[in-house]
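**Student:** This is the feature table in TrEMBL:
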TRANSMEM  12-35  transmembrane segment
TRANSMEM  47-69  transmembrane segment
TRANSMEM  89-108  transmembrane segment
TRANSMEM  120-139  transmembrane segment
TRANSMEM  146-167  transmembrane segment
TRANSMEM  187-209  transmembrane segment
TRANSMEM  221-245  transmembrane segment
TRANSMEM  265-288  transmembrane segment
TRANSMEM  320-339  transmembrane segment
TRANSMEM  345-362  transmembrane segment
TRANSMEM  383-403  transmembrane segment
TRANSMEM  409-427  transmembrane segment
Amino acid sequence: MQQSKHLKKVLGLSDVMGIAIGQIIGAGVMSLTGIGIQMTGSGITPAFILSSLITLLTMLPIAILASSLPTTGGMYQYTSRLLSPKTGVFWLLLFIFLQITLSLYALSFAQYLEGLLPGVPVRTVAFLLLTVLFVVNIVGIKSASIVGNLMVITLILALSFFILFGLPHVNFSVFSTSSMFPDGFTGFFTAVGLVSFATGGAQVVAELGGEMKNPKRDIPLVIVVATIFVGLLYAFIASIAVGVLPIPEVAGRPLTSVAKEVLPSPVFICFMVGGAMFALATTLNATFTWVTKSLLIAIEDGYLPKTLGTVNKRFGTPHWLLLIFYIIGILPIVSGMSLDVVAQLGTGISLIVFAFPALAVTQLPKKYPEAYKQSFFKLPYPVLVVIATAAIVVLLYQSYLLISDLKLGYIMGTFAYIFISALIAHFSNKKSNLSIESIQFAKNVPKNEDWDKNQIFIK
């Protein structure tokens, strides 16, 4: 079976919420909070809140698209149908590249484990973790979502312990104006940009529309609720991180230094395992859950061999595509690529990738007015254009900051890959059926009549 329509519709609201929260909560809050404190002092708390709101701005176009046309591999479909097939190919090549970030989560997990068990081989542990979660996702998306939800629950409990034990120790006098913005608003907004890495991620549920029971409602609801929930959780964590010890002692330091101060030894170990390590494992597991969906649609479009899209008859999962992304994730681990390079390359490209659906949403009311009218989110067209433009500017600027900070060799290599991808896309054979009409739904029903938009697949 190659068709994405054979994927099982098993994901309910709680499953998708678990995937989204698991995707958001990762290494960022553990590693970036101290750096943010160094930039803006106790202003780190409002920085996390504002960052969550900005993240919602950049994800709103995807939420609108997914609510109007929920489908498997949503971001690829929106780009290739609403912009152009060649643009879709370009998007797909960038999307494949950014999945080197699978190794980022595995390597970070192994580094936290090494902090508890000195001498543990970091790259061996990363290899084993990636392999185990690859196998879990081969068994099936429902199994993966159950494992993911269990890890998310454990993760939230660990972070909650940090808040409960730490809150009584907070000295709220640090939240004075002088302590909050030591470097003025420049330092504050720099910190907001920094922690945006920690607050993003919920938009990936747009890739799972074909496997959701009620995607029209669940996708936008999950994006908004998960982002706000995690943003508030981060704000509490940041308040404890900056309010327990003197600011000079925590500025630029990882979150674990404060955890050691406020948590009893057994609880600290639980925090390290259930908090830091599970944060990374849940993100990695959630990524495996959604990462193949756009490629399944590209296979149906004829841009990739149909064999790659074979869905396992027993488990209902695309095992060959999962294997490809597993190999992409393993390569940086076995090649010795440094963690910071993987993070900057992967995140920088991912921000470019998310800019394409933001541009595509401006075409939705023109090319698919009936779908837009029945969207969970409906905005006047001028407002929609302003939001999409703002999202694109923010995404591309953040991408520039990340990529331009790399060594010259990596910058040149990145732009070479982008240039080659553009050439491949330009000379790719245009598929005649890749128009907006090839996203299938009942176009002829009356406007006031319900219609099923859950089955949006290529004819």
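From the backbone N, Cα and C atoms, a Cβ is placed for every residue, glycine too.
Note that the coordinates shown come from a computational prediction; the quantities given were computed from them, not determined experimentally.
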**Student:** Take a look at 12-35, 187-209, 265-288, 383-403, 409-427 and tell me which one has the most Cβ pairs under 8 Å to the transmembrane segment (120-139).
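**Tutor:** The stretch I would name here is 265-288.
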**Student:** Which sequence-distant residues neighbour the transmembrane segment (47-69)? Criterion: at least 6 residues beyond either end, Cβ under 8 Å.
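**Tutor:** For the transmembrane segment (47-69), the list is 36, 40, 75, 77-78, 82, 188, 191-193, 195-196, 198-200, 202-203, 205-206, 209, 215-216, 219-220, 223-224, 227-228, 230-232, 234-235, 238, 354, 357-358, 360-361, 364, 368, 371-372, 374-377, 379, 384, 387-388, 390-391, 394-395, 439, 441, 453, 456.
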**Student:** State, in range form, which of 146-167, 187-209, 265-288, 320-339, 383-403 has the highest count of Cβ pairs under 8 Å to the transmembrane segment (12-35).
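**Tutor:** Going through each listed stretch, the top one turns out to be 187-209.
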**Student:** Are the transmembrane segment (265-288) and the transmembrane segment (345-362) close enough that 3 or more Cβ pairs fall under 8 Å, when only pairs 6 or more apart in sequence count?
**Tutor:** no
**Student:** Given a Cβ distance threshold of under 8 angstroms, which distant residues of the chain, six or more beyond its ends, lie next to the transmembrane segment (146-167)?
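**Tutor:** Cβ under 8 Å, 6 or more out: 14-15, 18-19, 21-22, 25, 136, 233, 236-237, 239-240, 244, 258-259, 262-264, 267, 270-271, 273-275, 278-279, 281-282, 285-286, 289.
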**Student:** Using a Cβ distance cut-off of under 8 Å, indicate which of 89-108, 187-209, 221-245, 265-288 has the most pairs with the transmembrane segment (320-339).
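**Tutor:** The stretch I would name here is 89-108.
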**Student:** So which residues does the transmembrane segment (187-209) touch in its own chain, when a touch means Cβ under 8 Å and the partner is 6 or more beyond its ends?
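**Tutor:** Non-local partners: 11, 16, 19-21, 23-24, 26, 28-29, 32-33, 35-36, 39-40, 43-44, 46-48, 50-52, 54-55, 58-59, 62-63, 65-66, 70-75, 180-181, 215, 218-219, 222-223, 226-227, 230-231, 234, 283, 286-287, 289-291, 293-294, 347, 354, 357, 398, 401, 454, 456.
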